[in-house]
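**Student:** Next up is a structure, given as structure tokens.
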């Protein structure tokens with residue numbers, strides 16, 4: 001009986017141990033599953049905060065919610081161990097980090113959009129530049145009317161003057177015929193006759209060259225050569241009178257400037273090989289750019305004027321006026337172009353203005369243009385500065401102090417040279433904190449009349465300075 005009691009006691013103890021072990025194992029499994037679920041819950045709650053759902057206004061509610069879940073591991077347990085003030089500081093820092101990240105993301109997105117727009121603009125400018133070069137090449141290759149097409153498959157209709165003779169610039173185009181008006185036989189006949197005429201003309205040129213050599217020897221020793229020299233001197237006087245008249249018209253009214261432009265344009269065929277004529281024609285194109293109101297006409301005048309100034313520079317690099325007006329037309333053309341083209345024109349503008357000042361340092365116009373360039377560069381936008389740095393090795397750099405020195409130099413060389421120049425001086429002094437000097441130059445600017453369009457445009461700036469500086 002005692003043996004059975006002992007056996008029953010041992011079995012009861014063994015059962016108690018097994019039950020205790022099973023209970024502990026079951027509790028471990030439950031705790032492990034609950035810990036994993038809590039970890040997943042913590043990650044799902046922290047994810048929205050990284051995606052712009054954090055709100056500082058609900059900080060107290062979030063702290064209460066974390067405290068209301070007892071026994072959970074993770075951030076809630078960590079925060080619950082901190083005092084109320086410490087929890088608020090941690091949440092404030094997290095909100096600040098998230099807000100900074102969101103602001104950074106918006107800035108990156110804005111920069112990406114700007115770069116995409118800039119890339120599209122550059123591609124468009126390159127395409128338009130290539131198309132313009134192709135048009136110029138076609139104009140140079142086909143200076144006369146193009147030959148009519150022999151294609152009969154196209155339904156296009158080309159129009160050409162039917163007067164028979166070649167039209168000049170002064171003539172007007174008369175009646176029109178279609179491209180397929182002539183028969184194939186007539187075109188073949190015309191080509192054969194043209195070939196025959198070419199052969200005859202070649203023989204004529206050869207004979208003419210031989211005769212001209214003999215004639216030159218005779219003319220050189222004849223009394224008529226003295227008369228030819230007199231004609232050359234009279235022709236030189238004529239061109240000098242023409243250039244003097246163009247200078248006087250340039251200094252006159254708007255109508256005078258238009259007359260000067262037409263005068264030079266009409267005489268381009270006769271004197272277009274002279275450098276002093278070409279830069280004056282470029283100057284006249286600059287005047288027309290200022291006078292016209294239509295944007296397309298402004299760009300056309302500026303482009304043609306830049307080409308004339310470039311042709312003048314090809315005649316020689318020692319002409320200060322050619323460099324000066326090339327720079328002016330670069331600036332006028334840049335007003336109708338994109339940001340990258342404007343920055344490139346800015347480099348070219350500075351280069352030619354510096355060259356003009358080097359060749360003619362006593363001319364106030366060069367110093368005025370340099371001062372205006374420095375002032376505009378000192379006020380470039382952030383995007384323009386970054387674009388210049390990205391596209392060019394040496395970015396544009398200038399200060400308001402640089403601009404002031406150039407404007408003062410122009411005023412020193414010729415007092416009262418420009419009303420706009422005095423307004424610029426006043427603006428520079430104001431930005432440098434010298435209001436008394438700014439007020440002085442503002443009063444001096446009011447004494448000058450409006451001569452150029454730039455002077456008139458600065459009237460509004462002058463009035464604003466009056467309000468800021470007072471009288």
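Quick reminder: no glycine exception, Cβ is built from N, Cα and C everywhere.
On a predicted model such as this, the values are computed, not experimentally measured, just so you know.
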**Student:** Based on the annotations in Swiss-Prot, which residue of 10, 50, 114, 201 is described as phosphoserine?
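**Tutor:** Record annotation (Swiss-Prot, phosphoserine): 50.
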**Student:** Quick check on the annotations: Swiss-Prot lists region 'Disordered' for one of 60-95, 132-167, 168-203. Which range is it?
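**Tutor:** Among 60-95, 132-167, 168-203, the range Swiss-Prot annotates as region 'Disordered' is 168-203.
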**Student:** Annotation phosphoserine in Swiss-Prot: match it to one of 46, 253, 296, 340, please.
**Tutor:** 46
**Student:** Examine the ranges 13-35, 220-242 and name the one recorded by Swiss-Prot as transmembrane segment.
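**Tutor:** In Swiss-Prot, the transmembrane segment feature sits at 13-35.
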**Student:** Please average pLDDT over the coiled coil (91-125) for the predicted structure.
**Tutor:** 79
